[in-house]
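Peer 1: Take this structure first; my questions come after.
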């Protein structure tokens, strides 16, 4: 439902930076919902952001970037309560927005944020690293993401995740991750994209790899591995076979049909 009289303040982006983001990050064309369409009953506005509870201990955070010529572009991540602490998946677009996520956690959950894991080296996932570091939060990313971060204009995470041949994170590199089950499905949207399942729930986060079940395209393929995209999407589905709620970066949560549809679109790239 459109909410024409409700406008979010969103991060501003220069035309030059917008062009760079379209080349190196997620294209606006892959991001279908308007702000009004993204908001649903029960969503909570907090400053520039929107928060949606997905499960008793899981919330989706949504931030917006004002991209000239395209309007407000939404990006989603997760907040997970694990006993007496909080875990975060992905930053917002900017440091200021990421600080708002931390403020919301303080106000609504009032538990310390123990760590954050980011799912690849683009601004929508990694643009708020300085805010996390300023708050003393341990940050983790795929080792390849940390390698790519400087050339993407991003700040690298403090710790690098490595992965076994079967795609699962090496436990020694992901200490105290609790319910976060981190999986590298193979290259797809980017060479470094990782995914996260939430143990004890029916939720799996596909990040920018997975598109919703009504998507018309896979969006920006500038950094994509078109040869392996379909296999990587299917590997994500196989890694989390019991997940019935698929959360992704640029659409509302969907069913497993999102995985099937993404893989079928990617089949056409080969």
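Please read every residue number as a count from 1 along the shown chain.
A Cβ is built for glycine as well, from the same backbone N, Cα and C atoms used for every other residue.
Keep in mind that this is a model prediction, so the values were computed, not measured.
So Swiss-Prot has the following annotated:
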type	residues	note
SIGNAL	1-28	signal peptide
BINDING	120, 122, 189	Zn(2+) 1 binding site
BINDING	124, 208, 250	Zn(2+) 2 binding site
BINDING	211, 220	substrate binding site
Peer 1: Which whole-number value in Å describes the distance between the Cα atoms of residue 250 (Zn(2+) 2 binding site) and residue 211 (substrate binding site)?
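Peer 2: Taking the Cα atoms only, residue 250 (Zn(2+) 2 binding site) lies 8 Å from residue 211 (substrate binding site).
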Peer 1: If you count, for each of the binding-site residues 120, 122, 189, 211, 250, the other Cβ atoms lying within 10 Å of its Cβ, which residue has the minimum?
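Peer 2: Each of the binding-site residues 120, 122, 189, 211, 250 was scored by Cβ atoms within 10 Å; lowest is 250.
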Peer 1: Taking the Cβ of residue 220 (substrate binding site) as the centre, how many other Cβ atoms fall within a 10 Å radius?
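Peer 2: Counting Cβ neighbours of residue 220 (substrate binding site) within 10 Å gives 22.
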Peer 1: Closest of the binding-site residues to residue 208 (Zn(2+) 2 binding site), Cα to Cα, picking from 120, 122, 189, 220?
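Peer 2: Result: the closest of the binding-site residues to residue 208 (Zn(2+) 2 binding site) is 189.
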Peer 1: Could you check which of these binding-site residues, 120, 124, 189, sit within 10 Å of residue 220 (substrate binding site), going Cα to Cα?
Peer 2: 189
Peer 1: Could you tell me which three-state DSSP class residue 250 (Zn(2+) 2 binding site) falls into?
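Peer 2: In the DSSP reduction, residue 250 (Zn(2+) 2 binding site) maps to coil.
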Peer 1: If one measures from the C-alpha of residue 211 (substrate binding site) to the C-alpha of residue 189 (Zn(2+) 1 binding site), what distance in angstrom results, rounded to a whole number?
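Peer 2: Per the Cα atoms, residue 211 (substrate binding site) and residue 189 (Zn(2+) 1 binding site) stand 10 Å apart.
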Peer 1: Can you tell me the three-state DSSP label for residue 124 (Zn(2+) 2 binding site)?
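Peer 2: Reduced to three states, the DSSP call for residue 124 (Zn(2+) 2 binding site) is helix.
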Peer 1: May I ask for the distance between residue 189 (Zn(2+) 1 binding site) and residue 124 (Zn(2+) 2 binding site), taken between their Cα atoms and rounded to an integer number of Å?
Peer 2: 13
Peer 1: For residue 208 (Zn(2+) 2 binding site), just give me the three-state DSSP call.
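Peer 2: Note: residue 208 (Zn(2+) 2 binding site) is coil by DSSP, not helix or strand.
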Peer 1: Report, as a single number, how many Cβ atoms besides its own are within 10 Å of the Cβ of residue 208 (Zn(2+) 2 binding site).
Peer 2: 29
